[in-house]
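Taking it in order: structure first as structure tokens, then the write-up.
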Amino acid sequence: MDATVVAIAGDGDDSDRRRPLLSPTEEIHPYAEVPSPQRPPLDDAAAQPEQQRNPQRVASLDVFRGFTVAMMILVDDAGGAWPGINHAPWFGVTVADFVMPAFLFIIGVSAALVFKKMPNKKAATKKAAVRASKLFIFGVILQGGYIHGRHKLTYGVDLDQIRWLGVLQRIAIGYFLAAISEIWFVNNNLVDSPVSFVKKYFMEWIMAIMITVLYVALVFGLYVSNWEFKVKSSNSTLSIPSNLVEMKTIHCGVRGSLGPPCNAVGLVDRVLLGENHLYKNPVYKRTKECSINSPDYGPLPPNAPDWCLAPFDPEGLLSTLMAAVTCFVGLHFGHVLIHCKANLGSAAESFTANAILAASFDGVDNLCIFTAIIRHAFQQAFVYSELHATHRWGIWIPVAAAILH
């Protein structure tokens, strides 16, 4: 039904007459609102629907993060009861030894997803530096052990004994190296073939290879001479602590040793960080040479070597540098996820078919299919955990999202 816009005349004899504002051939156009300081114009991102502005989460990564948190809680709480899942005293590998690499891998994947589009590299660098600094400081507060004399008048911060490195500090360093390489070392080449994929990210792999070569060269090339450390002595009969300090000497004079007392990792930490800033209860105290309850902590056996009392930091400088390479592995996996979005959906629909076809592809396509299979498996685990959230460790999925979001 057509409507005519009219105006009602004012007072007087023409009050009953109506004058049309528009002729029948004219149209009413919407009024363009003039922007005001109170209501600035919407940008392109704000004008998009809310479901398009919110980035879609990677369900497989969330599940893997939740699985890693659950594994961490398991080995921390039950590692003492079952030595098979506790950290290996020195040589060897157990379930607990996969927790830290898993977290570092997650950090790398997340960095690849977060920094895939960066309009401003300097702002992205500042963002990565602030995040890494916060994580590092938080780690020092939690694991620094800097509270001195907690029940005495000397209560306060003891900077002479503070531990500078730890688990969160290692994650912060690995995240920062991965983020900086993702921001500055990735070019803008279009990925349409395996060769272009390699050209786009080859600088990151060169950096990872350089870190690995540096680590191997230092571990096997540094000469570890004899070194000394201080240990508080006690009354051997009454076991009464005293303030006496005894000097212990460790005889090394070797290169390339991988044992607890004479390795290059400890040498670098003692020289650069100082003996007082290292971890005082290292894991090698659970070895047979240092504990009668091995592979658990316990009293020293007779004729135990002096290095059983020496400090050693499991998250030291040199080992943290090598652990950052795990973040680069996660970066590469994140790149595969980014460039294989088109293939992930079809793989999720036909899991078995893609597993068979994987052998017939090469290059980026092969990585896409393989990644799709892994991601589909984790997505199925995510659905299962949601349906059984009140049973077993499925409940750790929301806990992991809250802790590591």
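Here the Cβ of each residue, glycine as well, is placed from N, Cα and C on the backbone.
If you check TrEMBL, you get these features:
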type	residues	note
DOMAIN	57-181	domain 'Heparan-alpha-glucosaminide N-acetyltransferase catalytic'
REGION	1-55	region 'Disordered'
TRANSMEM	63-85	transmembrane segment
TRANSMEM	91-116	transmembrane segment
TRANSMEM	128-147	transmembrane segment
TRANSMEM	167-185	transmembrane segment
TRANSMEM	205-224	transmembrane segment
TRANSMEM	317-338	transmembrane segment
Folded-back contacts onto the transmembrane segment (205-224), same chain, C-beta under 8 angstroms, at least six residues removed: 177, 181, 185, 252-258, 262-268, 318, 321-322, 324-325, 328-329, 332
Helix-strand-coil residue split for the domain 'Heparan-alpha-glucosaminide N-acetyltransferase catalytic' (57-181), DSSP-based: 81 helix, 4 strand, 40 coil
Segment proximity, the transmembrane segment (91-116) to the transmembrane segment (167-185), 3 or more C-beta pairs under 8 Å: yes
The mean pLDDT across the domain 'Heparan-alpha-glucosaminide N-acetyltransferase catalytic' (57-181) is 86
